[in-house]
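The ATP binding site annotation in Swiss-Prot covers Gly10, Pro11, Asp12, Gly13, Ala14, Gly15, Lys16, Thr17, and the record cites sequence analysis as its basis.
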Amino acid sequence: MTGTFITVEGPDGAGKTTQLQLLADRLTAEGYEIVMTREPGGTRIGNEIRSLILNPDFQEMDEMTEILLYAASRAQHVNELIRPALAAGKIVLCDRFIDASIAYQGYGLGYTIEQVRSINQQATNHLTPDRTYLFDLTVSESKQRMMDRGALDRIEQRDDAFRQRVYDGFMTLAVQEPERIQLVDANQSIESLQTELCKDVLTYLKKRERLS
């Protein structure tokens, strides 16, 4: 049986990581085999690349270098962890994937969407998530949550205009792929959001099982 690849996306501070862990706990309790991971990172090599990308000391990093580092981390991640887990029939829950690169480096930095998408399709051999949950959080609320959290990484330090372009990019992707990308209101309480997320994921998994 082929596994299921589920990703979560959205602005920084939207609560994706917390919700993904709660979802993993619930699915494990339901008897599913879960692999929970994140980008950039997910592997030993990917985590080293992550430290380069996010380090605030590297403000001189060229934008194309940033794009390629994300893709390099993703290539390692897909081949070392994600594809083997899917081949074993597991559910992979991933905090960010290619949609993030399209939103942040495509819409955010102003590179063509086709260019960013092409680089990442080569890096992943065209792997696409089965289901993506896009956490909808305004730029102002995202910024406030990040400030409350403390020190900002190199990407989080970018200005509000960048954040707005990223947000608009995510919303555009949701319109373009409504079957795959499900919008989630990130302003809900943790409990309410978790109830909504778990309900949809379990419904989706049961549907896939019936069709398999």
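Keep in mind that glycine also has a Cβ here, set from the backbone N, Cα and C atoms.
Highlighted in sequence order, Phe135, Leu137, Ser142, Arg145, Ala186 have their Cβ within 8 Å of the centre of the Cβ atoms of Gly10, Pro11, Asp12, Gly13, Ala14, Gly15, Lys16, Thr17, the residues recorded for ATP, and are not part of that set.
Around the Cβ of Thr17 (ATP binding site), the same chain contributes Arg38, Asp95, each under 8 angstroms and 6 or more positions distant in sequence.
Least packed by the Cβ count within 10 Å, out of the binding-site residues Pro11, Lys16, is Lys16.
Around Gly13 (ATP binding site), the same-chain residues at least 6 positions away in sequence with a Cβ under 8 Å from its Cβ are Leu137, Glu141, Ser142, Lys143, Gln144, Arg145, Met146, Arg149.
Counting only same-chain residues at least 6 apart in sequence, those with a Cβ under 8 Å from the Cβ of Ala14 (ATP binding site) are Phe135, Asp136, Leu137, Ser142, Arg145, Ala186. Thr17 (ATP binding site) carries a helical DSSP state (H, G or I). For the binding-site residues Gly10, Gly15, the greatest number of Cβ atoms within 10 Å around a candidate Cβ is found at Gly10.
In three-state terms derived from DSSP, Pro11 (ATP binding site) belongs to neither a helical nor a strand segment and is classed as coil. Asp12 (ATP binding site): 19 other CB atoms within 10 A of its CB, across all protein chains.
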